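The domain 'STAS' feature in TrEMBL is assigned to 532-655. What TrEMBL lists as transmembrane segment is 94-112, 132-158, 170-194, 200-219, 261-278, 290-312, 419-440, 446-464, 476-504.
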Amino acid sequence: MGVNSNRVEDFSSHRITTESVMPGMEIHTVCLSPKKTTLQKLKQRFSEIFFPDDPLYRFKNQTWRKKLLLGLQFLFPIFQWAPEYRLELLRSDIISGLTIASLAIPQGISYAKLANLPPIVGLYSSFVPPLIYAILGSSSHLGVGPVSIASLIMGSMLSETVSPRDEPILYLKLAFTATFFAGLFQASLGLLRLGFVIDFLSKATLVGFMSGAAVIVSLQQLKGLLGISHFTSKMQFIPVMSSVFKHRDEASGLLKCKEAFWSWQTIVMGFSFLVFMLTTRHISMKRPKLFWVSAAAPLTSVILSTFLVFCLRSKTQNISFIGHLPKGLNPPSANMLYFSGPDLELAIKTGIVTGILSLTEGISVGRTFAALKNYQVDGNKEMMAIGLMNMAGSCSSCFVTTGSFSRSAVNYNAGAQTAVSNIVMATAVLVTLLFLMPLFYYTPNVILGAIIISAVIGLIDYQAAYRLWKVDKLDFLACLCSFFGVLFISVPLGLGIAVGVSVFKILLHVTRPNSLIMGNIKGTQIYHSLSRYKEASRVPSFLILAIDSPIYFANSTYLQERILRWIREEDEWVKENDGSPLKCIILDMTAVTAIDTSGIDFLSALRKMLEERSLQLVLANPVGSVMEKLHQSEMLDSFGLNGIYLAVGEAVADISALWKSKPDFPKDYNETRPCKETKR
């Protein structure tokens, strides 16, 4: 039975001409994409970039009342789950809300201290933002409040320019202003659907950054754990360690003897409660059902240590404590936002950096727990929710907040069903602000340091670093750069170095794409890498190459040089093994998803260079967008009838048959089988 060689197509009518080439193989036509106007192409591309999830699909074919309800649910997710809320869920939400409140209260005070802010600001930040997130957020398990990384970044970046001791009011203004700009940046990313910006913080970057930040944060807490009064405000390893040993004979609570080092009373209390919290954390990790043990440990430590200092205050004068905390709701702080002056640039820069980090943490945590319960978290909605909550928080005496992994884990394990758990937590914080603030007067600062260390120590993920080393050495390098950059240079610069390494990795893949030589697996029409599959063998007189990336201006020169090298090496292999002389180079374009004008010029130049050497260049399986650009640039005509095929196997079969029937092919392939004019 004859076989069809469907190589010429009238694109306006989709009729094909056929020619019998070889038995058992049908040669298909490579078609162009359906004709579209420029406006249609732009609309489709815009939709794919910014609306991959098609968020408006629910509004199709709906009445205006239904569209209004769907619009409210889209903007305010609380209208989606609140009508279906049942009293049976309330018990679980109350238990989980009170549980995370027991964690949020001591953590809020501790993280405010980490950001060099008054402790009360940490409690303010655990009241207003959770309420706003409960209305706007799409996650049922995200526990909202201050987090260690954002607190560390804000404290280190602002304190480099403004001293929180010498200029506390200006520092507070800058903190609120940075929070406002963090929220504005986050909400803008969500509104403009630019969430891919945060993807530049790769997993490898975050592993190294968080580990380095955790080490620095822990070392900074040695000030409180050792009872040192004068301590460096710098956030680098060497200055911190120098400060620790420089002040070991400081007279703040020291015994007047040469053998004494730091404040022994503070050391005993701090390390005792730190061991207690780390032990409870270990227990909860080994037995997840005992999550409440770890969740209650910080508040238990605060209560016990406060009680001890109060009872033994005459004998523990060397242990510093928080002191007076004002009672009452969050005071308005819109009048403290700093929109003009020499430090505005610092506030904006701090806001953007903390905004990106807190957004990355919040969304990743939300998606993690959503996956466990098999529901979806809308990333753009989350950006808007977190952004608006920070903007509102900046006007109500709050600093940067987001979804906390520790709080969310406790919330999930405690059985939270909806965002009502955040409302319950905020209510518990409200009660604390109104009635319980005097109880924290004697809370020792050393306990806050111990709480911070026990919280951030889990961020040191050495197992993830080891996996990076095993899987991707370049990712491991980015991780190391981030870790040591944070540790020895500074937190912002360390993060910048890590992002730079990640971007360099992207550029490396774009400018130096992978290319490989392919062979045929005997008895099949399958072509795979010769180096990967032992079953694959070379096809005589053919060099089949695969390109695994788009062809752009950034890599076209490299690809030309690399392909010419492949040809030279193939010629050498042919001579060494007495093989058939090389006649045809086939480029498998399956993975070439796009091409620009530089890429088209590269193909044209490569084809001409190969023609001069009596070699034919063939393209196999170019995608629609590549075919369209080749057609518009009139490159298709230059390739001829036998220059483009749907598959590598068809190209090999068809060209081999032509060689048998026309011994001079490919020397005269353009003359012997002229390509008909292609129509759209």
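One is the number of the first residue shown, and numbering goes on along the chain from there.
Just so it is clear, glycine is given a Cβ too, placed from its N, Cα and C backbone atoms.
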Report, as numbers and ranges, every residue of the chain located at least six residues beyond the transmembrane segment (290-312) whose Cβ falls under 8 Å of a Cβ in that stretch; write 'none' if there are none.
99-100, 102-103, 105-107, 269, 273, 276-277, 280-281, 283-284, 319, 321, 409-410, 413-414, 439-440, 442-444, 446-447, 450-451, 454-455
Is the number of Cβ-Cβ pairs under 8 Å between the transmembrane segment (170-194) and the transmembrane segment (132-158) three or more, considering only pairs separated by 6 or more positions?
yes
For the transmembrane segment (446-464), I need the partner stretch with the highest count of C-beta pairs below 8 angstroms, choosing only from 94-112, 132-158, 261-278, 476-504.
261-278
Can the transmembrane segment (132-158) be said to touch the transmembrane segment (261-278) if we require at least 3 CB pairs below 8 Å and skip pairs under 6 apart in sequence?
no
Taking the transmembrane segment (419-440) as the reference, which of 94-112, 200-219, 476-504 gives the largest number of Cβ pairs under 8 angstroms?
94-112
Per-region confidence, the domain 'STAS' (532-655) (mean pLDDT, whole number):
91
